[in-house]
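Visitor: If you scroll down you'll find the structure; I have some questions about it.
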């Protein structure tokens, strides 16, 4: 699992930061899942090493323009490319009407292989490898955070031990690797878990924006490997955060601490903290680290590989 930040600015782009979009790359299945698609995201994708052709799912948090204005252009390009690969889109119910209106008035057809899924709190998608769920956050309009959870994996299969027990290679190895108990032709029952190393706990990535500090974000983020959380304002601008229902750096850190996450990555920064101003992003970083030391700042085109972990 690799996270690539395509846009890390709040509201409007700056010279060094585009508006919101994050790509989650899943190399083992050659897929990219996109979270939000602000204006200019297509250009950011072209400047990155993320392949547009691998995008299979797009998750939208809410209907503010800095999170959706790039979606129509991206989908139009996907349609022109003619790959025919299904793209599943998850977002608020209004998103479907928005896309249809854009298509109608700009005279293009939405690609036929796009499927829309209105979101609701709970599990939105699940297969053998991953599940995606969402929870309501606290913003001026309905906004949802997403939790991507990887399934636990069996530990490494000990082939030599299996051979020493007289188990010949074959389909039975596949069952044992999954931790199943199998009965051999001689009547012996062999437990797969006895031939596998420590079970590998699945990784969890959380994407929380836009929101002020809320219990919903904490519940969604519990025991995550990575929490991507908005930090629009510095602590001294907390009143602005409460007025506009955005988070400060310290609010993001408090969510990370309460949820006991392993790594906090802050994003969605107000342009007011640009270099040369009285307060800068390094100040927000220090504020957050005073509460939650494992904090870093996202920047456009930064890639973070989510490390695997063993069972706790």
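Every residue, even glycine, has its Cβ placed from backbone N, Cα and C.
What you are looking at is a predicted structure, and each value in this text was computed from that prediction instead of being measured.
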Visitor: Of 127, 194, 210, 223, which does Swiss-Prot put in the Zn(2+) 2 site with 66, 67, 268?
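Guide: Matched candidate out of 127, 194, 210, 223, per Swiss-Prot for Zn(2+) 2 with 66, 67, 268: 210.
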Visitor: With 62, 64, 210 listed by Swiss-Prot as Zn(2+) 1-binding, which of these, 120, 139, is given for the same site?
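Guide: Swiss-Prot names 139 for this Zn(2+) 1 site.
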Visitor: If you measure residue 64 (Zn(2+) 1 binding site) to residue 268 (Zn(2+) 2 binding site) at Cα, how many Å is it?
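Guide: Computed Cα spacing between residue 64 (Zn(2+) 1 binding site) and residue 268 (Zn(2+) 2 binding site) is 13 Å.
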Visitor: Including all protein chains shown, what's the count of other C-beta atoms within 10 A of the C-beta of residue 66 (active site, proton acceptor)?
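Guide: For residue 66 (active site, proton acceptor), the count of other Cβ atoms within 10 Å is 21.
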Visitor: Measuring Cα to Cα, how many angstrom lie between residue 139 (Zn(2+) 1 binding site) and residue 67 (Zn(2+) 2 binding site)?
Guide: 14
Visitor: For each of 62, 67, 139, count the other CB atoms within 10 A of its CB; which of these binding-site residues has the top count?
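Guide: Of the binding-site residues 62, 67, 139, the most buried by Cβ count within 10 Å is 67.
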Visitor: Please report the distance from the Cα of residue 62 (Zn(2+) 1 binding site) to the Cα of residue 268 (Zn(2+) 2 binding site), rounded to the nearest angstrom.
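Guide: Their Cα atoms are separated by 14 Å.
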Visitor: Can you check which residues sit near residue 210 (Zn(2+) 1 binding site), meaning Cβ under 8 Å from its Cβ, same chain, 6 or more apart in sequence, and list them in order?
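Guide: Sequence-distant Cβ neighbours: 61, 62, 64, 67, 137, 139, 143, 230, 232, 245, 246, 268.
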